[in-house]
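Enquirer: For reference, the structure I am asking about is given below.
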Amino acid sequence: MEGCSYYLAMVLVQLAYGGSNVLIKLSLAQGLNPIVFVVYRHVIAMLLLGPFAYVLERKQRPSLSISIAAKVFVLALFGTTIHLNVYYAGLAYISPTSACALSNVIPSLTFLLAVLLRMEKLHIKSNRSQAKVVGTLLCIGGSLIFTFWKGGHLFKGFVERPLITAFNTELRHGKQNRIKGSALILTSHIAWCSWLILQAVISKVYPAPLSLTTIICFFASLQSSFLALFFARNPASWRLEWNLQLLTIIYSGVVLSALVYYLQAWCISYKGPVFAAMFSPLQVIIVAMFSAVAFAERLHFGSLIGAFLIIVGLYCVLWGKRQDGLVAEPPQSGQGVLNNDKVLAISKIDIQVIHPVTRESTYHPSMEGCSYYLAMVLSQLSYGVSSILTKISLSEGLDPIVFVVYRHVIAMLLLAPFAYVIERKQRPALSISIAAKVFLLALFGTTIHLNVYYAGLAYISPTVACALGNVVPSLTFVMAVLLRMEKLNIKNRRGQAKVVGTLLCIGGSLIFTFWKGGYLFKGFVEKPLIKGYNTELRHGKENWIKGSALILTSHIAWSSWLILQAMVSKVYPAPLSLTALMCFFASLQSSIVALFFAKNKASWRLEWDLKLFTIVYSGVLISSLVYYLQTWCIRHKGPVFAAMFSPLQVIIVAIFSATAFAERLHLGSLIGAFLIIVGLYCVLWGKNKDGVIAELQQNGKGVLNGGNSMNDRYSDEA
């Protein structure tokens, strides 16, 4: 799965955009000025990225000539100033779902522009080109059906009334406003398509994505500030307060204008603009599902058909792009060369970049090793959303044991066909010994862990439950050292970093949970966005202790799962099949538990509501995708690497709870979160150094004549 970095990055990008659409819509409804918002978010991103760009790219960054600066200025004009200001103006008139659905004109426009500019090769007689054309047409057709043909309501709404009552999309957006908003959104997307094309051109002459993103943010803030002189003169609109609008600005500045812009620039420089654009349909699905749950938007028959066509079209084009990559091998390998000596194509990753000053030939820096990091970040995002959904569903009467059974049955049925087909050659025989180990794996990682965890979650808030999850890294690290799965040399720097990082994570999570301190300013929101649920009022001291004890017990089982997973994956190196087997045993074990603790037949009845949505989400994403990603990461990077990402879940859930449930952020929360993040990266630094040294030892570099390896000396010093 090494080549999955680009795919994981683009999925993360679309998740970030989906969250942004919902947050921005809420903030605009509460009075946030869109031009002021654009200025602030790009100033934050510029200040955040500037130091990293200066340090990390000082050797590869070419000089900024007037010609390049002019091109970047135009890039910022199309991709941020025009696109964002017009987009937010349109978003005030239509729902986030409709706005995202209209974004699916981007793949077709980008594809056409790329073909016309000869950046994308199209041979209509080849299967891969036909797939890209058909996929593009399907995406356009699906998005149009999704937006303009509603059809009948699909069953009933997921929820009877909106969880978030800030606005009601179906009542507030009439036909006239929808046309006005759609026209503005489409105009903004034309500018965005131009940005994607220009980005691919400029990244070749300025191959320093961090620096390029920083300069784009600088020009964007400058251009939007100029616009603000005419359209945002009211000083009150520039005043920042501790509220949802500030959270939206920080989220957009840090996540979108910094991280997402950089990830997009990196993907475009390697895979081209069409690859990046073709992921935009995913955003529609994400926002539509969230809006159906949070805003009580009704899902229609047209939405279902449109979403299906969008997904089919997406993967048609990705298949075509994938085939392009297979054909575009370097000519020295003997592949991709015709009899008349004409090379079919060469992948962008193999094109050498000429430094405009030194004229030296260098390869664009690779980020292939980021697959593991991106996979774990996606896993923690998924877990964070799951914690929130599960907490709300449990409060509405979902039986936790029934939930565990259903989600693993769904995951098993989903994964089994893929496991059977994809891993039929690499899957070893399932002996009794291996089956017993997988049975234990399911027992610790799902049956004990999940059932006990959900029992505890009923008594405490999702934030506290996630904060307690930070005992997992320390327990896993200690267990891995005791079982000699993790080498620890306390005399070298990387060993010390892992120990200090583990202690910081434990200390940070304890501070986060047990020391509140004073309130940090005031709440993000005056009253909960999600009605009928207030964590601070519902969880007394007695319940808090009971819930914490259950959560800690579940995490001991989870730490054991991480260790066992690393052992079992060595004797059964087929992650899809292993995950499917775990889901089978988990559903079997939990069904037996249900015979004693879930005898009520009514608790097994499924209806079209939030509880069903939670079950499907957990079965498809958590028990299928996330389990598979974790299995893959543990197999390649070890159990400690996987466990050390769990603190990220605390930050995600805490911020969401502060906004949606009006949980107050405390000084202890801020200090604890800071320590958790520092500890996380201390351990990751140590793990990264372990990987570098292991690679040197495997390659046999630096061997002295006397038989002593230089790697051993470096290992002692590092």
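Just so it is clear, glycine is given a Cβ too, placed from its N, Cα and C backbone atoms.
From TrEMBL, for reference:
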TRANSMEM  7-29  transmembrane segment
DOMAIN    7-146  domain 'EamA'
TRANSMEM  68-89  transmembrane segment
TRANSMEM  179-198  transmembrane segment
DOMAIN    180-318  domain 'EamA'
TRANSMEM  275-295  transmembrane segment
TRANSMEM  370-389  transmembrane segment
DOMAIN    373-512  domain 'EamA'
TRANSMEM  401-422  transmembrane segment
TRANSMEM  434-454  transmembrane segment
TRANSMEM  495-515  transmembrane segment
TRANSMEM  544-564  transmembrane segment
DOMAIN    546-684  domain 'EamA'
TRANSMEM  576-598  transmembrane segment
TRANSMEM  641-661  transmembrane segment
TRANSMEM  667-686  transmembrane segment
Enquirer: Out of 7-146, 180-318, 373-512, which stretch touches the domain 'EamA' (546-684) the most, going by CB pairs under 8 Å?
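Expert: The stretch with the most close Cβ contacts to the domain 'EamA' (546-684) is 373-512.
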Enquirer: Would you kindly list the residues that approach the transmembrane segment (495-515) from elsewhere in its chain, counting only those six or more residues past its ends and only Cβ-Cβ distances under 8 Å?
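Expert: Tertiary neighbours of the transmembrane segment (495-515) are 464, 467-471, 473-474, 477, 488-489, 548, 640, 644, 647, 650, 654, 668-669, 671-687, 689.
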Enquirer: Near the transmembrane segment (68-89), which same-chain residues lie under 8 Å Cβ to Cβ, leaving out any that are not at least 6 residues past its ends?
Expert: 24, 28, 34-35, 37-38, 42, 62, 99, 184-185, 187-189, 191-192, 194-195, 198-199, 201-202, 205-206, 212, 215-220, 223-224, 227
Enquirer: Is it possible to list how many residues within the domain 'EamA' (180-318) are helical, extended or coil according to DSSP?
Expert: 118 helix, 1 strand, 20 coil
Enquirer: Can you count helix, strand and coil residues in the domain 'EamA' (7-146) using DSSP?
Expert: 111 helix, 0 strand, 29 coil
